[in-house]
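Feature annotations, reproduced from TrEMBL:
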- A:98-211: domain 'ABC3 transporter permease C-terminal' (DOMAIN)
- A:21-48: transmembrane segment (TRANSMEM)
- A:91-114: transmembrane segment (TRANSMEM)
- A:150-171: transmembrane segment (TRANSMEM)
- A:183-209: transmembrane segment (TRANSMEM)
- A:229-248: transmembrane segment (TRANSMEM)
- A:260-286: transmembrane segment (TRANSMEM)
- A:321-342: transmembrane segment (TRANSMEM)
- A:362-387: transmembrane segment (TRANSMEM)
- A:414-434: transmembrane segment (TRANSMEM)
- A:446-468: transmembrane segment (TRANSMEM)
Amino acid sequence: MTTLRLWRLFHRPGRRDAAGRTATLATVAFAAAAAIFLTVLGGVHAFIRRASPDRTLGCLLDERACAPGALEAWLHRLADPHDPAQYAATYVLFAAFACVLLVVPFVALAGSAARLAASRRDQRLAALRLAGATRAQVTALTALDAAGQALTGALIGIVGYVVLMPAIMLLNFQNEPFTAAQLWVGVPALLATVAGVTVLALVSALAALRRVAITPLGVAARQTRPLPARWRALVFVTVLGVAVFALANMQLFAGLSDAMVYVVLFAMFALPFALVNLVGAWVVAARARAKARRPKDAATMLAMRRILDDPKRAWRNVSGIALAVFVAGITSATGGIAAMAAPEGTAADDPMLVFTRDIGTGGLLTLAFAGVLAAVSCGVMQAGSVIEQADEYRMLMLEGTDARTLDRARFVEVLTPLATVVVVAGACSLLLMWPLFAQLMTQPGSIVMFVGGVAACFALVMVGALAANRVAAGISVTGLRRDD
Amino acid sequence: MTNVTNTANLAHTGAAPAPRPAAAYHPAGAAPILAAEGLTMDYAAGLAQARRGHAPTGTMPAATMPDALQPLALDHVDFQLAAGETVAVMGPSGSGKSTLLHALAGIITPTAGAVRFRGADLAAMPDAERAKLRRTAFGFVFQSGQLLPELPAVENIALPLMLAGAGYRQATDTATLWLERFGLRALAGQRPGEMSGGQMQRVAIARALAVQPAVVFADEPTGALDQTTGREVMGILMEAARGTGAAVVVVTHDPNVAAFCGRTIRLRDGRLDSDGPGPAPTQGGAR
């Protein structure tokens, strides 16, 4: 039997098992990731078009391709200090930066979805091996599953991108709203996104499957995984200390070439995220270990042991919030710049004022997208996790555990890592930004924006996780006949 | 829905009570703590209702299909259990053994009939109260998969105590005593994935008995073990239950396991086939 036939055998209509449910979740995650990515890409595309003399990409890349007279008119605009065109290239740079920032949670979400696609298949795949399927067939079956879900999700994501477009067209940048033509990324970009999401899912699923040895006798019994090593914390503290020192002594960078200055700037933005990624699983495990030493009730004990069972999974569930915290930090700093750049009496359409205001709006938009990505990622992963635990929790309910205790255990299982990551990411972000933006970040507006942004993302992720808990818990307790 | 109504529904839909091939055995001189009367379970009707009303489990209406097409999982079964009594439930696969155990423990509500624990009708209790009863008055030992894989042995045993309101320190101290009693002190920090099948079942027994239950329900507790280990596990279960005064209901296919019990009931096609003193062990079995 070919792998494709096997795959069709398992994908007949009417499947409502756990694997089918996780497949739906994974598809939703792929769809959300693709829709948000395309929307942000649409923004970049719009700014590129606006930065082009005749509003075509060809003209931006090659002046000879410009429409007759367009280049001259553009140069004339650039010479006018009251024309916002002078900032057009900077808009493209900032939009691209936001896009790069969002690639991280996008890849994380797609990876989570792929892992979800590959999970809950142990039993079925082991049974297939017992029935004579080869390891290659079993691997290909999982890869097909993940790729199929990614493809479906990405196609739904395109629909989501088109549906979101009218809302984005309401936004004003450079004192004018976006048009559909500016936001439309074109068919090649859509195809590339669909292919990219599918390939990403395929790679992630195969990587996830490599860690599970599926033999005809099933998968190996769960063993204690080593907790994240302490060296991560040591490296984190050392690098953070060096970075803070360097940023506080900017004269060290005097005399650097322009290219090196850009490298330093990029490092300044990338460093907090890299550092928190390095230490995330360790710090979540450390917090859970401390709470597991003397848990205050059964729900806390269950939650902490679940976290310690796989701290990396717990960290991955909430890692999206770390980026959202950094974006909130950058947004609050830029908000401060906007406030300082608008002395009294400045005209409302002053290009500098419009530019700084747009940076603030862009920052908030990036923050909103980062928050939504984090919430979807957390919700999907948590729902998958609850479905995975269904048998254990069902057994606990048979033994008389009340649903409220289990709900609380699931809640604490998300809340503890989430709060830990927000505190660490927030502190890390402030420490690194302080030497540069101390003046900006002490303004009440900046503080409100930072705290408000973090709180909003925190709430969004919590709502995502709670909704996922409710839905998944409802699914997992529906009647199963377990008689002789 | 009360049991009276259930029985009335059953009669109304034409599913006449079947003849009772064996009368329930009542141990002389002992007042029952758990009593079942006319227990009937029709999964087909329950599933049909669940599809209509999205009810996962619950009180189920009478059968709507002919018995020949959809046999009842339990067919008017009477059962009584005295305090401290040990009973084996035997019968071929699909005879209704586990269904009976689940109905007696209040995990499922029968289509008709009543289960009374110390005189209180389980079906009349709110779900939360039934859950509390299972948590505090009943203990459970299943064939496997009962222990939480994330928790070390000591916390697995402490869990029901904490669910009943005990603090962590108190619960783990009690759990440690149970581990010592079963010679498993060294396993306190081990997780189920790091234990053998026999060790896991011992921990599961300790967990079931830690709350000092009135009744322990064991569903094929030695089903995944070899004969020698199974015998050891049964010996530990019975001795510990005797020590705490708990009654034991064991579902099993194995006459050697049944031989550990003072009484054996046999089910066939959901009906009580026989009820009387336990069988003699087969060769190699022990009592």
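Cβ coordinates come from backbone N, Cα and C, glycine included.
Sequence-distant residue pairs (6 or more apart) of the transmembrane segment (A:183-209) and the transmembrane segment (A:260-286) include fewer than 3 whose Cβ atoms are under 8 Å, leaving the two stretches without contact.
Take the transmembrane segment (A:260-286) and the stretches A:91-114, A:362-387, A:414-434: counting Cβ pairs under 8 Å, A:414-434 has the most.
Secondary structure of the domain 'ABC3 transporter permease C-terminal' (A:98-211) per DSSP (helix as H, G, I; strand as E, B; remaining residues coil): 92 helix, 4 strand, 18 coil. With a cut-off of 8 Å between Cβ atoms, the residues of this chain six or more beyond the transmembrane segment (A:91-114) that come close are 25-27, 29-30, 32-33, 36-37, 40-41, 43-44, 46-48, 50-51, 146, 149-150, 153, 173-174, 197, 200-205, 208, 269, 273, 316, 319-320, 323, 327, 355, 358-359, 362, 365-366, 369-370, 373-374, 376-377, 380-381. Listed by sequence, the residues of this chain that lie at least six past the ends of the transmembrane segment (A:150-171) yet keep a Cβ under 8 A from its Cβ atoms are 26-35, 37-39, 42-43, 110, 113-114, 117, 177-180, 183-184, 190, 193-194, 197-198, 200-202, 361, 365. Averaged across the domain 'ABC3 transporter permease C-terminal' (A:98-211), pLDDT in this predicted model comes to 82.
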